[in-house]
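Participant: Can you keep this structure in mind? I'll have questions shortly.
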Amino acid sequence: MAYSRLAPHCGLPVYGHHIGNSEMSGGFSWSSLGSSLSSGLSRIGSFLGSTAQRIGNSQGFQQAKEGFLKSGVLENVGSLAGQTVSSLADIGRLKLESDLQKLRERALGAQQQQLPPLTQEQLAQLLASTQTELPSSAPAVPMPIPAPVPPLVTGVRPGQMRPEVLPPDRGVALGPLIEEPAPRPIAVPGSRPRKRKRVRGWGSALEDMLGDGVCYRSKRYCY
């Protein structure tokens, strides 16, 4: 790949901020890089394909292939694979038969270990042992005597209650008077209108603009 493609070309516009970066028009081209990579890969593939074809068509390779086929190596490998598969099948069958035999022996052993049926003498002994004397009944607990009910208190009817009348000469004691504090007025801050920000000078007005100031649309050319 030519290194001259990485440098800007004379007479073409430059859109980058600094000379020599990849943003410049006419600088580094991704399309040329992709085409060069694809051409290199195609050349490597064609070279490998032609080399393999030449080796396959050579006389030495043909003789080696015929000798390999006549030696019977493939037949021996096939027979060995068949014997291996048959031996694995026999091993699996023997394993399954041994597991079934173990389960059968375990089931028969559990049946033999069960207790024999009870005889008449054993049944009679069990009945005699169960017919034991019951414990003597506990003494009867006397019933508790209910406590006497207290007499009901007759309530006073509301009509019979009379308020106490005080004599006119007797004064009523009153506490000191407490003056309640007057509520303070809550000062609500008035809404003041905000002052509009005024622009002072063209410099502050151009700060919010995008680009490089006044000349952000200008073009620079490579020389």
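Backbone N, Cα and C define each Cβ position, glycine as well.
Bear in mind that the values here come from a model prediction, so they are computed numbers and not experimental data.
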Participant: Looking at 28-51, 100-123, 148-171, I want to know which stretch Swiss-Prot calls region 'Amphipathic alpha-helix essential for membrane lytic activity'.
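Facilitator: Checking Swiss-Prot against the ranges 28-51, 100-123, 148-171, the region 'Amphipathic alpha-helix essential for membrane lytic activity' one is 28-51.
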Participant: Could you tell me which of the ranges 64-73, 74-83, 84-93, 124-133 is annotated in Swiss-Prot as motif 'Nuclear export signal'?
Facilitator: 64-73
Participant: In the region 'Involved in endosomal membrane lysis' (29-50), how many residues does DSSP assign to helix, to strand and to coil?
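Facilitator: Going through the region 'Involved in endosomal membrane lysis' (29-50) residue by residue, I get 21 helix, 0 strand, 1 coil.
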